[in-house]
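Taken from Swiss-Prot, the feature domain 'Glutamine amidotransferase type-1' covers 2-190, and the record attributes it to sequence analysis. Annotated active site, nucleophile per Swiss-Prot: 79, in sequence order, evidence recorded as sequence analysis. If you look up Swiss-Prot, you'll see 165, 167 marked as active site. Marked as domain 'GMPS ATP-PPase' by Swiss-Prot on the basis of sequence analysis: 191-386. Feature annotation from Swiss-Prot assigns ATP binding site to 219, 220, 221, 222, 223, 224, 225.
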């Protein structure tokens, strides 16, 4: 049982799915044009038609497959979805005289979607088309000053529409509205971390069988670490997790990963490949070349180690739902568990000729759901809530050639910055924070002596999706404290700068 979200190109479609799941209801995203058969495979109790950039009166506008609107389940249209419902039922949709974008107050609201909601209702608008004439059987249940038809419903056919985005944080009571839709759909709200873990373990045991051996590459991040714990519960000693220390990790990271996973029953093999990686990177300054070399060395190290460990039947990967969503802008990944191995962002790509079957337990989960599972499985918070860390590690935060000396400098600076964020209670408010060792050296004075030392850049950002990001407005006093600590504790550095560039135009990482 699920809520199926048909995606017509809205940037917020994933948020709809996440909001339903936060409310305890399993939801899936399919292309807006998904066939009736494909939708039926999800056994939907309700359907959502997402927003999108198209206009319903455009002949090229995407439309649900024939028969979707006739299904005997409640349907909620959001923005474009509402306009489509009205248009298909015989109503009129026209270009709005005034485009509405941003926050708007509902001047009145009611009906089943708004049941139990009281007080001011602020909605996030983003539309240039409007419903100008209602189809038969529908009634207006909400309006704003500029949009007389802001929400509609047909309680007999159980068709509902809103001309705003209930899924975004800018619509504070949107969660209550979505909860009301779930109530209308009579969805069982049992999508909890405990339920997910129980189902995933059963699925893995069914796929792997009683004797299958599973190989997993560990990066030290939350996804692969959580996957290791889940697989250990599912298949025990038949899991072998391989952690490759390439010398590009953060300070003490190898020891932290070993201390976190081994006591929880993970059969962990650590490979010391620092010499091979750093040797291959010697003399290389180009960022793309560094990435390629690291990817190649990962494959070599992984192949060397797996050759020692014997035969495996399955390769586990921490693929997440956003990687395989059947969206308007992409294609659905193969669900067959077939043998072609795709590159994993944490290990720089695995060889295509590894003839394993894939085990991807997290392919239906969002990142926040993995974190919830991690907590249930006992993963320590310092790993569970850790910021994203790139597969190439500190190599792409050490601008120019990577050397052991530079890495040691960067590790200490990074540790001071991240530890400081935790100490000041700022870490969880940042989506990602990092230090960059630049190739810039500048003149300074320490004591009575002239210095000519490195410049480091600190960067922290906030983001919901990592597609765009804002630089984090960290307090001046905190930044001053960090600068003081860094130049006093890391003598090879005499200048600290803070990156205040958003994404775009910059990327989060410097390389």
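The first residue you see is number 1, and the count goes up from there.
For all residues, glycine too, the Cβ spot is worked out from N, Cα and C.
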Discussion item. Please compute the mean pLDDT of the model over the domain 'Glutamine amidotransferase type-1' (2-190).
Written reply: 93
Worksheet item: Which ones in the same chain are close to residue 222 (ATP binding site), with CB under 8 Å and 6+ residues apart in sequence?
Response: 367, 370, 371, 374, 379, 383, 384, 385, 386
Worksheet item: Around residue 224 (ATP binding site), how many other C-beta atoms are within 10 angstroms of its C-beta?
Response: 23
Practice prompt. Select the closest residue to residue 224 (ATP binding site) from the following active-site residues, measuring between CA atoms: 79, 165, 167.
Written response: 167
Worksheet item: Out of 220, 221, which of the binding-site residues has the smallest number of neighbouring Cβ atoms within 10 Å?
Response: 221
Discussion item. Could you check which of the active-site residues 79, 165, 167 is the closest Cα neighbour of residue 223 (ATP binding site)?
Written reply: 167
Worksheet item: So of all those recorded positions, 79, 219, 220, 221, 225, which one's Cα sits nearest to residue 167 (active site)?
Response: 79
Response to the item:
Between the C-alpha atoms of residue 225 (ATP binding site) and the residue listed as 'active site, nucleophile', the distance in angstrom, to the nearest integer, is 39
Practice prompt. Determine the most Cβ-crowded residue among the recorded positions 167, 223, using a 10 Å radius around each Cβ and all protein chains in the structure.
Written response: 167
Item to complete: Within 10 Å of each Cβ, count the other Cβ atoms and name the one among the binding-site residues 219, 225 with the highest count.
Response: 225
Worksheet item: C-alpha of residue 221 (ATP binding site) to C-alpha of residue 165 (active site): distance in Å?
Response: 33
Worksheet entry | Pairwise CA distance, the residue listed as 'active site, nucleophile' versus residue 165 (active site), rounded so that it is a whole Å | 7
Practice prompt. Whole-number Å only: compute the distance from the Cα of residue 220 (ATP binding site) to the Cα of residue 165 (active site).
Written response: 36
